[in-house]
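Asks: What TrEMBL shows for this protein is this:
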type     : residues : note
ACT_SITE : C77      : active site, nucleophile
ACT_SITE : H181     : active site
ACT_SITE : E183     : active site
DOMAIN   : 5-198    : domain 'Glutamine amidotransferase'
Amino acid sequence: MKLIIIDTGCANLASVKFAIKRLNITPTISDNSDEILSADKLILPGVGTAEFAINEINKKGLIPIICQIRQPLLGICLGMQLLGEYSTEGQNNKINTLNLIPNHTKKLEASNLPLPHMGWNQLHFDDTSHPLFDGIKSGDFVYFVHSYAMDVNEYTIATCDYGKPFSAMIQKDNFYGMQFHPEKSGKVGARLLQNFIKNI
């Protein structure tokens, strides 16, 4: 199993790598296009702003490489948001992202709840047969830190509610996303990572 964590220049690379090593898989952090394209599975992590992350990916020449990927790729937190068409997080209010999933990221409509949405919250899903949900129950808790998210859409496979429902997990073809941090989500997060590695 060749698992590559794409080096986006973001700060959570080491924690994602450590979480995967606990599953007895040794991933490689890389921004080398040949390594990325020859991987069995890929993870696109990210923390911070969409503008910074997409600029870093662009500087490394990785946008066309990521768009070529046919292997399973998992975007985590900001990495999931980058899979969409654009984000409204930028100073000019619209940052074009990877355009791999036809939806976009916008500020959470959290009513009177504080932003960022930070802490443990529940996953909700109906398709219990999805291979990512092996050993996971709807209502299980995972750990979030974010102020922006995708609305619920046709590619949503799990939701979370914070003021109103948003996409907690998405999938289109070989691209998967988790808005929360599985590497900080205890046994549930570890099982979700394991399911991506073993079942997808």
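Cβ atoms here come from the backbone N, Cα and C positions, even for glycine.
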Asks: Counting only residues 6+ away in sequence within the same chain, which have a CB under 8 Å from the CB of C77 (active site, nucleophile)?
Replies: N12, P45, G46, V47, V145, H146, M178, Q179, F180, H181
Asks: Out of H181, E183, which of these active-site residues shows the lowest number of other CB atoms within 10 Å of its CB?
Replies: H181
